[in-house]
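Peer 1: Sending over a structure as structure tokens; questions will come in a sec.
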Amino acid sequence: MPIRVPDELPAVNFLREENVFVMTTSRASGQEIRPLKVLILNLMPKKIETENQFLRLLSNSPLQVDIQLLRIDSRESRNTPAEHLNNFYCNFEDIQEQNFDGLIVTGAPLGLVEFNDVAYWPQIKQVLEWSKDHVTSTLFVCWAVQAALNILYGIPKQTRTDKLSGVYEHHILHPHALLTRGFDDSFLAPHSRYADFPAALIRDYTDLEILAETEEGDAYLFASKDKRIAFVTGHPEYDAQTLAQEYFRDVEAGLDPDVPYNYFPHNDPQNKPRASWRSHGNLLFTNWLNYYVYQITPYDLRHMNPTLD
């Protein structure tokens with residue numbers, strides 16, 4: 001949250017030079033506050049587990065957030081009870097006339113599926129096009145990043161030969177960027193993907209600013225300069241056991257997966273893994289809610305014209 005200080009305090013300009021968000025008394029006096037409306041397009045099979053992961057991170061902010069869950073796949077789910085979907089999820093037709101402060105598009109286990117073979121690919125394109133006029137800021141996670149880069153920038157699907165699975169080190173490129181505010185210079189985050197995100201590709205074919213990348217030169221966190229779209233290629237929302245569950249699932253399926261990198265103590269799957277990315281995940285989502293949503297969204301959502309003073 002911003003700090004509130006008198007307009008004339010010398011610290012105002014000093015802190016702003018470091019890109020610290022300072023709210024002057026004159027601006028604060030005219031600021032109205034309401035709950036933020038955040039839409040979550042949940043593409044993961046185990047929807048309840050995914051809900052828990054994202055809501056845990058969103059709840060770590062002092063901001064009040066109203067959550068709406070969205071589904072676009074009408075097929076019967078094998079992993080989530082129909083009663084749960086009917087009670088807690090809406091269809092796109094239910095909300096297409098509404099506006100939202102934020103939208104989160106989750107990952108999906110579709111890394112080896114061509115875009116046009118995804119059953120709900122037309123609906124994904126519809127939601128992304130709709131979000132341009134109805135959402136202040138959208139956050140794409142893992143597979144959704146790949147889908148958005150294709151739809152919004154025409155970047156072809158980039159696929160790794162082997163699945164990237166484990167907990168990897170990253171470093172920030174812009175220490176004073178709002179989305180990385182408070183990040184350590186280097187930090188850990190989990191990945192579980194076939195999608196490939198070379199930083200050079202993002203720089204060459206988009207106007208997006210890369211804010212953090214892996215030690216191997218893959219883009220991890222990047223965003224548009226107007227803060228309307230942000231991308232995270234890993235899974236900072238994952239629980240401590242999620243990578244283990246995926247690993248043992250693949251073992252049982254006879255896929256002979258590699259042991260997730262830097263995850264199990266002593267690289268032994270019989271050891272209980274520890275989460276080393278919780279603080280990063282919480283800070284990332286808090287920064288997104290504050291700087292990319294709350295600070296630029298209009299008070300009256302009927303008039304969508306996000307700006308940042």
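Each residue, glycine too, has its Cβ placed from N, Cα and C.
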Peer 1: Among K125, K132, K157, K163, which residue does Swiss-Prot name as a further substrate binder in the site formed by S192, R249?
Peer 2: K163
Peer 1: Looking at the recorded positions K163, H235, E237, R249, which ones sit with their CA no more than 10 Å from the CA of G111 (site 'Important for acyl-CoA specificity')?
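Peer 2: Cα filter at 10 Å returns K163.
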Peer 1: Out of K163, H235, R249, give me whichever of these recorded positions has the highest number of other Cβ atoms within 10 Å.
Peer 2: H235
Peer 1: Taking only the residues the record lists as binding substrate, namely K163, S192, R249, what is the largest Cα to Cα distance between any two of them, in Å to the nearest whole number?
Peer 2: 14
Peer 1: In the same chain, outside K163, S192, R249, whose C-beta lies within 8 angstroms of the Cβ mean position for the substrate site?
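Peer 2: Leaving out the recorded residues gives S165, L243, E246, Y247, D250, P257, P260.
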